[in-house]
Amino acid sequence: MDKIIVRGGKRLNGTVKVEGAKNAVLPVIAATLLASDGKSIIKSVPTLSDVYTINEVLRYLNADVHFENGEVTVDASRDLSVEAPFEYVRKMRASVLVMGSLLARNGHARVALPGGCAIGSRPIDQHLKGFEAMGAKVQVGNGFIEASVEGRLQGAKIYLDFPSVGATENIMMAASLAEGTTILENVAKEPEIVDLANFLNKMGAKVRGAGTGTIRIEGVEVLHGTEHTIIPDRIEAGTFLIAAAITGGNVLVQGAVPEHLSSLIAKMEEMGVIFKEEEDGIRVVSAENLKAVDIKTMPHPGFPTDMQSQMMALLLRAKGTSMITETVFENRFMHVEEFRRMNGDVKIEGRSVVMNGPTNLQGAEVAATDLRAAAALILSGLVADGITRVTELKHLDRGYVNFHQKLAALGADIERITEESELTLTASYVADLNA
Ligand SMILES: CC(=O)N[C@H]1[C@@H](OP(=O)(O)OP(=O)(O)OC[C@H]2O[C@@H](n3ccc(=O)[nH]c3=O)[C@H](O)[C@@H]2O)O[C@H](CO)[C@@H](O)[C@@H]1O
Ligand SMILES: C=C(OP(=O)(O)O)C(=O)O
């Protein structure tokens with residue numbers, strides 16, 4: 001089992017480049033299943049375990065998929081099968097995103113029920129409500145959700161109870177091949193939704209209004225393969241902005257798009273961080289005497305839940321009492337106990353956490369509880385006294401490419417080792433002591 005070992009105390013300096021967005025590439029790859037003719041070529045694809053998983057799902061469904069040099073090519077022109085089994089959905093919940101495409105293409109989809117995960121129960125009732133409104137029959141049983149429709153899906157007016165990112169994406173994909181017009185209200189406005197709409201439109205779909213609260217989709221009969229470059233990962237970018245700020249460094253995050261990061265930047269500015277927008281990214285210029293602030297996670301353009309734990313790491317270093325309220329996921333505070341292991345003065349009060357800072361963080365062995373928690377604990381390790389060891393890196397690998405190498409290139413004292421090599425190191429250290 002790999003571990004990341006961080007020795008705190010180095011200021012970060014230099015330039016770091018952002019990858020393509022995980023949360024944009026997964027729905028875009030799922031959408032390639034809609035193309036009954038031609039190949040789709042997706043560029044700027046990050047080398048993440050989640051990308052390998054979605055590619056495996058597509059192969060299982062009989063698509064021809066290649067992933068090389070940051071490019072995924074999909075030929076989905078053959079007849080597709082209908083089932084996404086539990087072994088994939090268990091690894092990655094975003095596997096349910098193939099359901100809309102499969103249902104629209106095949107009139108039938110069978111996807112394993114995702115179940116809960118470390119951040120909450122995460123039901124998919126809003127996805128299913130959309131499919132049903134378009135004429136599908138949905139049944140849940142034996143650990144699967146099965147949806148089917150006679151003939152084509154029918155355009156419908158659908159109002160989401162909550163602006164769910166996944167439901168907006170799944171319904172957009174299904175509606176693109178439906179008969180008639182779908183009006184989708186109270187939808188998610190995340191930049192990844194806009195990226196998916198742009199991809200669908202290049203495939204021949206007619207999607208209007210992505211990025212606003214209402215999306216209108218005029219269904220078409222056929223979609224074809226196309227070429228598309230994925231937007232930069234705003235969560236990876238935000239994580240590096242915090243890495244720079246927490247260490248009091250000066251770092252250019254190349255590829256970061258300011259409009260995608262407004263809520264994070266506004267909060268960090270309130271804390272006293274100084275940014276400069278440059279032609280090719282965002283620079284953290286300085287971050288001295290950080291002040292406490294309160295944060296509430298919200299759907300975009302509100303503060304993203306995917307930046308909540310990294311922000312917790314930063315707020316532990318700010319002077320005063322800060323509060324974070326998590327409104328998107330009901331259980332996304334598993335990392336709090338790990339921060340406490342590092343001497344963090346942080347406690348949970350219902351759906352909020354209260355922190356008193358600045359905390360003198362101490363290195364400890366901590367376990368990543370989800371992928372953003374993995375990054376957040378490493379960020380804390382950058383400023384903790386002594387050595388921090390972060391385990392459960394399978395979470396980190398779902399969402400960050402070469403995270404420790406990128407931090408090391410900025411000057412962090414960080415390495416990734418396997419359990420075996422740590423044992424060897426310890427053994428040779430003891431041997432040296434005894435010599
Ligand atoms: C692959 C991907 O893009 N993942 C992102 C996506 O996840 P995901 O698409 O799963 O997130 P949603 O926006 O759907 O979920 C938000 C909230 O709505 C609830 N809900 C959702 C659907 C539904 O049918 N019923 C329901 O109750 C969820 O349990 C959760 O509490 O958006 C989240 C919220 O920004 C991010 O944290 C994830 O990184
Ligand atoms: C929660 C996340 O992803 P997923 O929805 O894929 O679990 C995330 O990216 O922080």
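Yeah, the Cβs are placed from backbone N, Cα and C, and that goes for glycine too.
Unlike curated entries, TrEMBL annotations are predicted automatically.
Computed from a predicted structure; not experimentally measured.
From the candidate list Arg90, Arg93, Arg152, Arg351, the residue TrEMBL records in the UDP-N-acetyl-alpha-D-glucosamine site shared with Arg122, Pro123, Ile124, Asp125, Gln126, Asp306, Val328 is Arg93. Proximity of the recorded positions Lys22, Asn23, Cys117, Asp125, Asp306, Val328 to ligand 1, judged by a Cβ distance under 6 angstroms to any of its atoms, singles out Asn23, Asp125, Asp306, Val328 in sequence order. A distance of 19 Å separates the Cα atom of Val328 (UDP-N-acetyl-alpha-D-glucosamine binding site) from that of Lys22 (phosphoenolpyruvate binding site). Recorded residues Asp125 (UDP-N-acetyl-alpha-D-glucosamine binding site) and Cys117 (active site, proton donor) have their alpha carbons 16 Å apart, per Cα-Cα distance. If you take the Cα of Pro123 (UDP-N-acetyl-alpha-D-glucosamine binding site) and the Cα of Lys22 (phosphoenolpyruvate binding site), they are about 21 angstrom apart, rounded to a whole number.
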